[in-house]
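Copying in the features that TrEMBL gives for the protein in this structure:
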TRANSMEM  6-26  transmembrane segment
TRANSMEM  47-65  transmembrane segment
TRANSMEM  142-164  transmembrane segment
TRANSMEM  171-189  transmembrane segment
Amino acid sequence: YFVKVAWAWTFWLLLPFIAVTTYQFAESKFLYGPTKSILMVLRRLSALLVGTTIWYICTGLFIYIENLTGVCSTSGKLSEPRQLYATKQECHQDNGIWNGFDISGHCFLLSYCALMIVEEVAVLEGLSIDQNSRLRVVINSLFVSLCFLTMIWVFMFLCTAVYFHDFSQKLLGVLIGLSAWYGTYRFWYLKPFSPGLPLPNLPLSSKKYSYSR
């Protein structure tokens, strides 16, 4: 159940983290006023809308492919007429087993969520906050929570890799997750009309660590 709502956990932790760090970064580094800082926050938060859209489209596509390629196996008597099932849900309602190409949604979602968290927490490398400020406590708490969540996603990814799906289904799920991350953070978010990167116009390899511990 926890992994089935993985995007919800990721979304609700990244939401305050992106909002707080982006606003602080806009004021301290870019010297933006309140209005422009809020607009920058809204722009960065749109990355979560993009992630939600990717999650919704991909999971819907996986279900469609599984229904399209599946066949239902039931334990009915041979004398009974064979019933055709259009979806996995209909098959399960008659206690059947649906055999279709089930792309691993867990491998897709867990890899994408973990990579997205890693990209977003990179903003701390360019953020400077006073030692005794309450904002620092809030950001640190969110950062630790996101790190802990990433560890859970990696652990569940390993469990999925060992116990569920076949190799091709897991591999395709991971490739789709990597493609979603690469297509956004390494391509689209570099463009002007996009949610942008956590540290605008600074590639990850050139960021300087200035978040005093």
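Even glycines carry a Cβ here, placed using N, Cα and C.
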Under 8 Å between C-beta atoms and at least six residues away from its ends: which parts of the chain pack against the transmembrane segment (171-189)?
47, 50-51, 54, 58, 62, 103-112, 115-116, 119, 165, 195-197
Which sequence-distant residues neighbour the transmembrane segment (142-164)? Criterion: at least 6 residues beyond either end, Cβ under 8 Å.
2-3, 6, 9-10, 13-14, 16-17, 20, 104, 106-107, 110-111, 113-114, 117-118, 120-121, 124, 170
